[in-house]
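What TrEMBL annotates here:
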COMPBIAS  B:403-416  compositional bias 'Polar residues'
REGION    B:395-428  region 'Disordered'
TRANSMEM  B:6-24  transmembrane segment
TRANSMEM  B:45-61  transmembrane segment
TRANSMEM  B:81-101  transmembrane segment
TRANSMEM  B:108-126  transmembrane segment
TRANSMEM  B:132-153  transmembrane segment
TRANSMEM  B:220-240  transmembrane segment
TRANSMEM  B:307-327  transmembrane segment
TRANSMEM  B:333-352  transmembrane segment
Amino acid sequence: MNIDWAALGTVFGVSLVATVALVGLFTLGIVGLSKQTAAAASGGSAPAARTGAYACFALCAAAVAYGIFLIVA
Amino acid sequence: MEHITLLLGIVIVTALVFDFTNGFHDTANAMATTISTGALKPKTAVAMSAVLNLVGAFLSVEVAKTISGGLINESGITTEVIFAALVGAILWNLFTWLIGLPSSSSHALFGGLIGATLMSVGASGVNGSVVITKVLLPAIAAPIVAGIAAYLATKLTFKLASKTDEKATAKGYRAGQIASAGLVSLAHGTNDAQKTMGVITLALVTGNVLAPGANPPMWVIVSAGVAIALGTYLGGWRIIRTMGKGLTDLKPPQGFAAQTGAATVILASSHLGFSLSTTQVCSGSVMGSGLAPKGGVVRWSTATRMFVAWGLTLPAAGAVAAAAEFLTGQGTWGVTAVAILLVAGSGAIWMASRRKPVDHTNVTADDLDFAAAPVPAAEPAGVVTTAIAAVTPPPAGAFPAETHSTTGDLKTTLHSPTPDPARPAASV
């Protein structure tokens with residue numbers, strides 16, 4: 001019997017960090033966008049929130065691209 | 001292709017049928033939460049998943065070198081063994097679909113191969129310790145890993161978005177969920193269609209049609225991809241229902257966290273050398289994100305039945321495959337008998353499913369009464385019937401209608417009142 005604890009541990013750690021980081025980023029993006037929408041509704045604008053949101057979404061898109069790369073490779 | 005014998009022809013068709021059941025059994029993995037949170041309409045969701053499965057089948061050139069992952073000694077494998085294994089796997093897949101339980105199609109195939117090998121060459125053909133490290137341990141690890149990841153991610157996303165309007169963010173969450181579900185579908189097509197290609201290729205090699213080590217011919221790749229896509233498009237609505245609504249109730253943020261967690265765990269596990277079943281990962285992440293919000297609840301009675309089904313997958317598919325292998329060993333009439341039994345068994349299960357049909361129109365309905373769905377007598381193999389008696393009655397049973405209209409705090413009171421001996425094991 002040869003249980004690969006190292007591989008299991010790595011999978012656990014990587015999955016945990018990546019999931020939480022991605023979901024966190026995406027949520028920040030959503031929150032940023034909703035701030036922008038709220039600001040627009042009251043006649044103003046929130047450029048920082050908007051830029052930050054797009055940066056978050058870009059990072060998430062990069063993660064998805066990396067995922068597709070992993071599937072193909 | 002002129003050398004293809006009747007038996008080989010039957011095996012190829014059977015392998016494609018298995019691929020098809022694999023597709024509709026696993027649609028739920030990618031699309032159950034997407035459908036239940038309303039991110040996509042049911043038909044749109046399965047169509048998208050089908051296309052991505054088809055694409056996935058063509059993406060990778062890395063054909064499964066070994067169809068059993070070292071579980072059995074494949075050097076002495078015969079065409080009859082492959083046939084018997086597929087019969088066991090198909091019947092188990094159809095049966096778990098009938099009772100609406102998500103279970104691993106790969107494990108069903110492994111079980112079939114083990115059972116058929118045990119019957120044909122005895123215990124020496126099976127690698128016992130690999131069974132533990134490749135099947136049992138991952139079955140325990142997958143829901144824990146995916147569940148914890150999805151649980152923490154859900155907590156985080158609720159905390160970060162706590163000050164925003166729920167309606168304003170729901171659209172964003174749904175978009176994110178669709179992306180994650182797409183990744184799961186793509187990965188599924190690549191892995192599972194490859195598996196069928198591996199099985200057909202191995203059958204062709206054992207039938208001396210292909211040279212050992214040959215790549216699968218184009219028609220094998222195309223037919224395997226099409227079979228899994230068709231199965232996915234048909235949609236295993238019963239399982240989608242269990243995963244999307246039966247285990248817990250998900251809001252868009254939870255659906256997004258669950259699906260992202262599942263996609264991450266699947267990709268991480270398949271690329272870091274510790275393969276986890278897609279089905280078990282997705283079930284785990286759904287439960288994790290279901291538990292995360294305040295008052296979040298998982299229906300442990302349904303979850304327990306699902307865990308029991310996971311435990312039974314290997315022995316049940318193995319028992320059917322062993323019986324099938326015993327019959328095919330009797331000669332041509334035996335092979336014919338197995339083929340007829342397979343068709344009859346599948347037909348009986350399908351007939352039983354028509355009594356309480358679940359399709360895209362009622363997959364997210366609240367008051368579907370499942371009570372009369374399981375008809376174990378329809379299963380032709382007595383061994384399985386007895387074994388499966390433990391997992392009936394079916395999941396996703398009629399929840400009290402108020403479960404879906406009350407707030408999260410009230411849901412806690414709807415916890416299954418029956419003391420469940422398996423609950424400690426299930427509360428992972």
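FYI, residue positions are counted from 1 along the chain as it appears here.
Each Cβ is built from the backbone N, Cα and C atoms, and glycine gets one as well.
Please treat TrEMBL annotations as automatic predictions, because they have not gone through curation.
Within its own chain, the transmembrane segment (B:220-240) has Cβ neighbours under 8 Å at 15-17, 19-28, 31-32, 35, 42, 46-47, 49-51, 53-54, 56-58, 96-102, 185, 189, 192-194, 196-197, 200-201, 204, 353, 358-360, 363, 396, counting only residues six or more beyond its boundaries. The stretch from B:6-24, B:108-126, B:132-153 that makes the most Cβ contacts under 8 Å with the transmembrane segment (B:333-352) is B:6-24. Beyond the transmembrane segment (B:132-153), the same-chain residues lying 6 or more positions past its ends with a Cβ under 8 Å from any Cβ of the stretch are 69-71, 104, 107, 110, 257-258, 260-262, 264-265, 269, 274-277, 280-289, 291-292, 310-311, 314, 428. Here the transmembrane segment (B:6-24) has Cβ contacts under 8 Å with residues 50, 53, 79-80, 82-83, 86-87, 89-90, 93-94, 97, 105, 109, 192-193, 195-196, 199-200, 203-204, 207, 209, 223-224, 227-236, 335, 339, 342 of the same chain, all six or more residues outside its ends.
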